[in-house]
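What follows is a short report on a single structure.
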Amino acid sequence: MVDYHAANNQASGGGPQTYMEQENDWDRDLLLDPAWEKQQRKTFTAWCNSHLRKAGTQIENIEEDFRDGLKLMLLLEVISGERLPKPERGKMRVHKINNVNKALDFIASKGVKLVSIGAEEIVDGNAKMTLGMIWTIILRFAIQDISVEETSAKEGLLLWCQRKTAPYKNVNVQNFHISWKDGLAFNALIHRHRPDLIDYDSLRKDDPVTNLNNAFEVAEKHLDIPKMLDAEDIVNTARPDEKAIMTYVSSFYHAFSGAQKAETAANRICKVLAVNQENEQMMEDYEKLASDLLEWIRRTIPWLQNRTQEKTVNDMQAKQEDFRDYRCVHKPPKVQEKCQLEISFNTLQTKLRLSNRPAFMPSEGRMVSNINGAWHTLEGAEKGYEEWILSEIRRLERLEHLAEKFHQKAAIHEAWTDGKEAMLTQKEPDTTTLSEIKALLRKHEAFESDLAAHQDRVEQIAAIAQELNELDYYDSANVNARCQKICDQWNVLGALTQSRKESLKNKEKQLESIDELYLEYAKRAAPFNNWMESAMEDLQDMFIVHNIEEIQGLIAAHEQFKATLTEANEERKAIQAIQANVPKIAQSNNITLTGSNPYTTITSENIDEKWAKVFELVPRRDTALQDELNKQNSNDELRAKFASQANKVGAYIKAKMEEIGRISIEMNGTLEDQLTNLKDYQDSIVSYTPEINTLEGYHQLIQEALVFDNKYTPYTMEHLRVSWEQLLTTIARTINEVENQILTRDAKGISQEQLYEYRTSFNHFDKDHSGALMAEEFKACLISLGYDVENDKQGDAEFGRIMSIVDPNGTGAVTFQAFIDFMSRETTDTDTADQVIASFKILAGDKNFITAEELRRELPPDQAEYCIARMAPYTGPDAVAGALDYMSFSTALYGESDL
């Protein structure tokens with residue numbers, strides 16, 4: 001007998017040691033236990049046939065059917081996928097030996113040492129040698145490549161079995177013999193990979209035959225693993241044959257390893273698709289939120305641009321209340337939506353960058369810049385609308401004051417002119433005496449003086465009417481009509497006065513007697529009477545003021561008026577003394593008085609009544625002015641309250657804006673610590689909201705009091721609202737930046753130390769604390785991290801490449817987020833289009849296309865339909881009906897950047 005092992009070892013010059021020298025005792029084992037030989041015959045025969053049937057043949061007797069070497073060479077070709085030398089077809093012993101030697105040479109070429117196995121023993125039908133040879137082939141082609149965690153083939157297969165069966169009760173795989181006797185381990189292996197085929201919980205440990213037969217039948221029927229063992233042989237053998245069990249178990253490993261690859265490929269695809277689906281949902285959410293926000297802005301701006309004038313202050317104050325409701329109730333949620341929109345956009349872009357997807361480009365008109373532009377237009381419309389409301393309130397307040405003043409003066413004038421036309425047109429009887437004529441003339445002169453005195457009032461009435469017209473008073477038509485009537489009447493009175501004067505003058509030439517005393521009384525009583533009427537009018541005159549200085553000016557003027565009352569009273573006494581002298585003189589001269597003073601209708605009683613009326617109006621005027629002073633003092637207190645709160649809020653917001661600027665640069669600790677601290681900081685800022693609400697309350701009181709200026713503070717409510725919204729938005733953006741850094745870190749596997757190093761380097765070169773690095777600053781930062789971007793041709797090219805990544809829009813500035821994204825991309829690995837294509841290729845069975853049926857079989861339903869809906873038909877030369885192009889689909893998932 002030829003020692004083929006020795007010959008092979010000599011020919012190969014002492015090649016590598018056998019990879020399973022512990023198996024060299026196979027022949028001794030066979031001699032010790034014939035039951036093992038029986039198990040090996042059945043198992044090895046079934047194993048060989050599982051491969052030979054692929055070539056359309058099989059063996060019946062393992063030691064007889066391999067004797068001529070033909071089926072042995074065919075078996076090796078099937079399991080290796082290689083061609084062996086052409087076999088010899090002769091029937092002679094030498095031909096058979098030569099064929100077997102070709103097979104043994106092929107086995108030896110694979111690095112296998114054949115111990116004590118020669119071609120003669122195989123040709124002679126030596127069962128033990130034949131079984132040993134087949135076991136060597138099984139070891140080399142079915143078990144050798146099994147390795148788990150760098151273990152040997154046998155240990156690797158055992159470790160694989162242990163891991164797969166670990167979760168199952170009553171299963172404890174420690175070897176390849178007695179651990180498999182009860183059949184539960186076989187059933188556990190099948191259930192772990194195909195739970196639909198085995199009802200594991202129904203199996204009993206005390207019924208091994210049923211368990212074994214169940215596993216063997218399921219494996220043969222559903223997994224295409226031929227039955228290689230008999231349940232009774234295993235159960236009735238104290239220690240089943242290890243080689244038989246290993247051979248059979250290796251068939252399970254190979255049957256499931258393909259499924260494992262498909263599962264791994266499917267998992268990779270599912271992970272990629274899940275990322276894509278989540279990103280698409282975020283895109284849809286962004287688009288909807290952007291559309292809703294833009295639509296709200298589109299609807300709101302025309303309302304803010306509406307300048308339809310109202311007729312009264314109350315109507316305009318109702319508009320002001322609607323605007324206040326808009327600012328305090330309707331707009332704040334939209335401010336939050338706008339902030340959330342920016343945060344969602346930044347988060348989405350971060351996730352896209354982390355998954356090597358192209359950047360998200362919202363549909364036309366829905367970019368963040370579009371939202372900001374529309375928002376800027378909205379705030380401009382708000383500012384203009386509020387200014388218009390205040391201007392209109394002032395205008396209407398002025399109009400209502402002027403209108404009331406017009407009607408008051410018109411009423412006084414109309415009361416004065418009542419009956420004057422009749423008086424001027426009456427005819428004197430022919431029996432009128434000279435003294436009566438002179439009296440009438442003097443009376444007429446006094447009336448002329450009175451008429452001239454009223455000229456100023458008529459001019460005031462006309463001036464007020466003109467101002468009402470210029471201010472577009474809604475009832476200007478009635479005002480104009482009344483004013484015109486007064487002016488027309490005034491012209492008539494002027495003409496009648498002139499006519500009457502001429503008539504009396506003609507008669508005066510015939511009359512000479514003058515009653516000097518009556519005349520003097522009339523001359524002095526008339527202006528004094530006019531003074532009193534003017535004083536009464538002034539005391540009843542309406543006024544409007546907007547601050548303490550103005551009311552103090554009116555009070556001072558009133559005090560000056562009161563200071564003249566003593567002198568006026570002396571004049572009144574003098575006039576009354578003249579009147580009192582009339583009856584004395586008449587009595588002393590035996591003159592009988594036939595009536596009242598012929599030169600004036602102003603009696604002493606009239607003067608006393610009007611004087612009493614003046615004294616009655618003075619304290620009323622005092623009270624009105626004092627009330628207004630109190631009101632202006634109250635308004636000043638409102639100004640002071642608002643100013644105090646506004647100055648406090650303004651200083652707070654300014655301090656917090658500066659503080660958050662420092663915090664965003666100087667943050668220490670883990671990102672989670674930073675996020676917690678920032679959210680606590682955000683909560684502390686939000687807790688300041690009651691102070692803002694208090695300020696809003698003061699602002700509302702000020703507006704309701706029609707206070708339009710405030711010398712105690714440089715802040716306006718509008719300025720503080722915008723600053724407060726900016727503060728809340730800034731802290732929200734800072735929190736979002738840290739959240740995105742956490743996303744980057746977790747997705748890319750960046751350590752906390754790396755992030756700290758990146759942040760420290762970035763901050764070191766961010767000299768102006770702007771949160772961004774200019775090109776030269778960024779270059780210095782890269783050099784500090786070991787990048788070769790010095791100023792030479794190669795360095796400039798590398799720096800240009802990096803800048804195109806971190807600053808694709810060419811702004812010249814690099815944000816920290818862009819810097820982190822770049823560093824994470826440089827230092828970590830992610831799924832690529834090529835990896836996804838390779839995964840689809842596994843699911844497609846190495847075809848260049850995949851079918852809808854295969855996708856539905858390998859992927860979850862929603863993700864299978866997701867792919868089917870988006871994959872284009874495959875048009876290659878090997879295309880079949882329903883073929884889909886998974887290559888272009890995979891590439892499209894990553895965009896141009898991964899091509």
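For all residues, glycine too, the Cβ spot is worked out from N, Cα and C.
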Would you mind telling me which of 1-20, 161-180, 681-700, 721-740 TrEMBL tags as region 'Disordered'?
1-20
In TrEMBL, one of 437-471, 857-891 is tagged coiled coil. Which stretch would that be?
437-471
Under a criterion of three or more Cβ pairs within a distance under 8 Å and sequence separation of at least 6, are the domain 'EF-hand' (753-788) and the domain 'Calponin-homology (CH)' (151-257) in contact?
no
Please work out the mean pLDDT for the residues of the domain 'EF-hand' (794-829).
79
With DSSP, how much of the domain 'EF-hand' (753-788) is helix, how much strand and how much coil, in residues?
23 helix, 3 strand, 10 coil
Helix, strand and coil counts within the domain 'Calponin-homology (CH)' (38-142) (DSSP):
67 helix, 0 strand, 38 coil
